[in-house]
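One structure is given here, and the rest of the page talks about it.
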């Protein structure tokens, strides 16, 4: 089982934070280190008594006078030290039953399996051939619990928080010493179990943060060599077996941690919190180290101008991306908390302390060691893994547990307080853990939700609550997905596209996609057909009637037949081409899962719907433009006036422009605002087919130009011809001006939406030359459609 790690190897240690694996006993972080100091004093006094006296010291003489969890913790630690000295150093063996008899309150909170574990492995170290069956016979009522915790086939990992040998050596090490390959220059932090030094690594000629702690005896762990801008780089570790110490050396980050930032948040009214609050905490940490803030930093300027909720979104997205990087390499963090997030001088966050091991045999001490430091940030399933009476194993935890912990950290940064008020250790550990687990399964309470600032980015509340869902399936399923959601909170226009309002017109379009498509394509063509009928009836029919009395009946029949065939045919063809897209949208609305490839195909097809509608209109109007003159030629014969043809060409050109431009613009607008987002998931944003989006942007420009040409062609017809349908043409001219303005609005909206959809590509570095001006403007925040 992997444990929470140290708060932060590079931070200055204050009254609220220790640098060790174990931080605080109480949930109140301002009193936790005092409790640990008291505990350390009692235990170190007991160790000194063993080293300085001939007879075994009495454990009772070194226990706190108070009752409660601190006394129990001290008692357990003293017994583990007593077992070690008796069995390994003085041949005065004593078994667990004797301690239970002397201290009957040991069993008040459940059977202390960690003591059985210690006795079993210490006896093996002493050279005894220990049979696990002996423990099953000694404790027949605890067979299942002992069998689960004994760890017969696993390497021994001491459960004692205090290692006497290592503690003595640790006290001897001071700044100015040389230890192995390191010159210790200054003390960065010191706690009961570890010390962090600013050190110079002689062989590599570099400055490092060197954490020196007790080597708990486990086999050396191979640390992943991460290379991510938001993860503290761990160079290596080495053990000093003779001293019982372990050295962990890593990148030195001087801007402090998020822990003091939380204190600043609590002290600052919500309306006055900005990115300067973060920079203030960073500058204070830099000043403590005798360093100045970076003079020229674009990031610091950006942070200084951000509202506090926006800072939270940015920090969260960076940390989520770092987690995703680690998770994809098979490493869980398991101890995400403010003290484990370091800050650079520019204010960039860096995750520290991944995947440090501890023994799952600890039934009582482990929760006490982390309560107030790490436990309040744990997911319900991780708390269950800590619970000595729960069947959940640590191996069952996955990346979604880290997502939960990050959600707690972000909530605390946003409001100044954690979403769950866990209180002090006033009851037994088992009951305390039960309450914490139940509280998290019940979800975030209304009081905590009301503590959220009123002015936060749209969607941030939903994202945080999803991170804190008790069911891992309801959380973001990866760090990448969470990073996308948080970045989306910083892009309100992108949110509007991907999350339309429940009662907005987009919902109607999605509910009746075929109806919306038909209206978008049918209405402009109907207007074009009406214009064509009026102009031909007024200007062309008198000329043809003079040549043949059958002209008018023929014209009426042609209109009826051509329109009766063309409109159903066009609408049917458009529906056929769009139906796979609409079917997929309906299925997704019902929760049907589709493959990534299928969704990509449907998104690509949806981007073509406007072009399909335009091409169908142009095709049918072209056929009509050929059919009318040919039919009249057959009826009238050679007497057909030549000037009829220019009239046909002019009216059909205007109708064709209407049929091409307006259906394209309206259908494409529907696509970008409704159809396309319905086929898109957050994790697919950076992997869209941006070449198709770029092509759609170019097409939109062309069709917009065509819509403007309607005005000029109409005016040309009005001026250059002797049309008798001047009123109809004039109406069309005015309508064309209005339509061009509406087309301009649609054009700008479509181009702006395409640019918004391109933002994830810019952030992920996957975009190329997608309508570069609008994309760059959006990326820099200067886009103004």
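Glycine residues also receive a Cβ, built from the backbone N, Cα and C atoms like all the rest.
Model, not experiment: these values are computed from the prediction.
Residue 211 (ATP binding site) has a Cβ environment of 28 other Cβ atoms inside 10 Å. The annotation ATP binding site is assigned in TrEMBL to 211.
Look at TrEMBL and you will find 1-10 tagged as compositional bias 'Pro residues'.
Residues annotated as compositional bias 'Polar residues' in TrEMBL: 18-33.
On the 0 to 100 pLDDT scale, the model's mean across the domain 'Protein kinase' (182-494) is 82. If you look up TrEMBL, you'll see 182-494 marked as domain 'Protein kinase'.
Residues or ranges marked as region 'Disordered' in TrEMBL: 1-33.
Per TrEMBL, the feature transmembrane segment maps to 558-578 (among others).
Residues or ranges marked as transmembrane segment by TrEMBL: 612-636 (among others).
If one looks beyond the transmembrane segment (648-672) by at least 6 residues along the same chain, the residues whose Cβ comes under 8 Å of a Cβ in the stretch are 497, 509, 516-517, 520-521, 524-525, 527-529, 531-532, 535-536, 540, 606-607, 609-611, 613-614, 617-618, 620-622, 624-625, 628-629, 696, 699-700, 703-704, 706-707, 709-710, 713-714, 717, 721, 732, 739, 743, 746-747, 749-750, 753-754, 757. Annotation comment: TrEMBL describes 648-672 (among others) as transmembrane segment.
Taken from TrEMBL, the feature transmembrane segment covers 702-721 (among others).
Look at TrEMBL and you will find 727-747 (among others) tagged as transmembrane segment.
Long-range contacts of the transmembrane segment (558-578) within its own chain (CB-CB distance under 8 A, at least 6 residues past either end) are made by residues 513-514, 517-518, 521-522, 525, 529, 533, 605, 608-609, 612-613, 616-617, 620, 623-624, 627-628, 631.
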